[in-house]
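Features as listed in TrEMBL:
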DOMAIN    241-367  domain 'GGDEF'
TRANSMEM  6-28  transmembrane segment
TRANSMEM  40-60  transmembrane segment
TRANSMEM  72-93  transmembrane segment
TRANSMEM  105-128  transmembrane segment
TRANSMEM  140-159  transmembrane segment
TRANSMEM  171-189  transmembrane segment
TRANSMEM  195-216  transmembrane segment
Amino acid sequence: MPLVQSDYLVSGIINIVMLIMLAKLIYINKWLSPKIEQSYFIAIASTIILIIAEIATFVFDNSVIEYRKYSVLANVIGFSLSTTIPISMSIIFEARITQKIKKCLAIPTLINLIFVLLSPEFGYVFSITPENIYSRGPLFFVYAITYIWNCLILMAAIYKSVKESSSYDKCFLFSLFGLTIIGTSIQIIFPNLHTTWHCISIVLVLYYIFLCELQFKYDSTTKVMNRPTFDRAIYDLKESKNGAIVMFDVDQFKEINDKYGHQHGDYCLKEVANIIKKCFDKKGICYRIGGDEFCIISNTTDIKTIDTCINKVINQISILREKDVTIPFVSYGYSIYEYGGEKNIKEAIKIADDNMYSYKKMRNHRN
């Protein structure tokens, strides 16, 4: 076997082993939702089949005549199955796929499939001569456009799904998609460079690592940052930054749990967390630091800006209570932390906490 074929065979086997190990991890660690887990298994199985098919084309194309039928089969599998990979990945990425998007994906994928299935006879997407010589067909661009189109459509769908995520999360996800498109584009432009499935394999592994990271960063109930992430952010703030610490406490949360049940209590926490996060938007990051406590670490020290954001929170909760009176009020308090200033970070947190409880007592006294 030529050295180039040997290198590609070895790299393909490494990718397959890596994907099998990934599937094993997903199977053992049952924290993914059943829908995402199933889609991950489908994407992994499809990618392994496509790697094997591509290895087969690498071995059988342009070789002895007796291998022509294997070459044809491998190319049909590769060209037809590969355009469906972005669809499986969309479910893994939890993209919100509307009926319109489904049509945008299904129509070009179906057109490509028809041309691929007709290619052994008519040479539309690819052709293999009786002498077993492979070449791209005149409609190869249909396959290329379909694959890239599916990726772009899914990128748009994923953007809608992650538009409320942090800038880091967005950047990472789009980097993964960029890697997918770059890998595909390189192979389309330079057919002898087999980069597509190397990149897809890497993307599947990196996204699983990303999901694992999210488990450590986010609170599972409210989908805002959790206490360990808060502690790290406080450390970073202490070391080199100025900012504001804004505390929120959900009023009478124990009574809500006792009266309406823990499921309704979780619902209230989600609603309150979502309002706090949206009202502070780019002015700070929301953390759940206790059972019924949230904290914003703001990147601004402007008191007027902070008061405006807090008033938005109070107003939005009041609006929500007009529809559902079981939604609780919140108490709040804040303090400004200046790096190198008179008070240290612990004192700043205590002042914000004391201000919050002073506000809570004042309102309870009024009621």
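Here the Cβ of each residue, glycine as well, is placed from N, Cα and C on the backbone.
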DSSP helix/strand/coil residue counts for the domain 'GGDEF' (241-367): 73 helix, 27 strand, 27 coil
Non-local residues, at least 6 beyond the ends, that sit with Cβ under 8 Å of the transmembrane segment (195-216): 11-12, 15, 18-19, 22, 25-26, 31-32, 40, 43-44, 47, 50-51, 54, 82, 85, 89, 92-93, 169, 172-173, 176, 179-180, 182-184, 186-187, 226, 228-229
Segment-segment contact (the transmembrane segment (72-93); the transmembrane segment (6-28)) at 3 or more Cβ pairs under 8 Å: no
Positions whose Cβ lies under 8 angstroms from the transmembrane segment (6-28), at least six residues beyond its ends: 37, 40-41, 44, 47-48, 51-52, 54-55, 58-59, 194, 197-198, 201, 204-205, 208
Long-range Cβ neighbours of the transmembrane segment (140-159) (under 8 Å; 6 or more residues past either end): 79, 82-83, 86-87, 89-90, 93, 95-98, 101, 104-105, 108-109, 111-112, 115-116, 124-126, 170, 173-174, 177, 180-181, 184-185, 188
